[in-house]
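Undergrad: Please read through the structure below; I'll follow up with questions.
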Amino acid sequence: MFPLFYYLEFHPDLDSSSLFIYVSFILLTYVLLIYSSIKRTHLHSSHALYFSFFSFFTFTTTAGLEIALTVDQLFMPWAGFYLKNGEPNFKSSYGAALNWWDGTFHLSLYLYMIWCLLERKSFRWAGFIWAGSIVNSILVSLPGNFIGVFSHDLKESILFNIPFALFPIYFTLKEWQKPSPAKLLKNKKEATPRSF
């Protein structure tokens, strides 16, 4: 993300069509990298879906971290382009806090869940914490964007939040239907015959 933000910030002469080409190329490259990683690891189909989304969300949380660093002026203003042309509500104190939370806590959870997927370990508890955190922040930020101070500055980039709102709900509903690992372990112990 750093090179993309750097390029966008210091080349203000970009028109929207060339910007679209640059961003599409970067995202397409990233999607191809995710796809090749899935093919190499031979993940189960549901885990491949989780791996894809968690990998992409990891990519976006680094953007959130860069935006937070820019808003708090702790870093070069590389994300200023997005703050002007994307979601100006991130300039508020809530927007900065949201990006700090996303760029630290959620990034850590994504990396942990990706590691669990690759090691074939359970990440259910981390997934529920993540889903609750994301849904909570979306429930506060989206209505705030529509009725708050920055409601007159809403742009199409707000639509990028749709996958971030829907996928945690899908994940929670899907995982909630599965038996918990503790229950599976208990059933396995009960099914094992005792030797005297």
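Backbone N, Cα and C define each Cβ position, glycine as well.
TrEMBL feature annotations, pasted as is:
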type: TRANSMEM; residues: 20-38; note: transmembrane segment
type: DOMAIN; residues: 49-172; note: domain 'EXPERA'
type: TRANSMEM; residues: 50-71; note: transmembrane segment
type: TRANSMEM; residues: 98-118; note: transmembrane segment
type: TRANSMEM; residues: 125-151; note: transmembrane segment
type: TRANSMEM; residues: 157-173; note: transmembrane segment
Undergrad: Give me the stretch from 98-118, 125-151, 157-173 with the greatest number of Cβ pairs under 8 Å to the transmembrane segment (50-71).
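TA: By the under-8 Å Cβ criterion, the transmembrane segment (50-71) pairs most with 98-118.
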Undergrad: Counting by DSSP, what is the helix, strand and coil composition of the domain 'EXPERA' (49-172)?
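TA: The composition, in the requested order, is 106 helix, 0 strand, 18 coil.
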Undergrad: Average the per-residue pLDDT over the domain 'EXPERA' (49-172) and send me the rounded value.
TA: 84
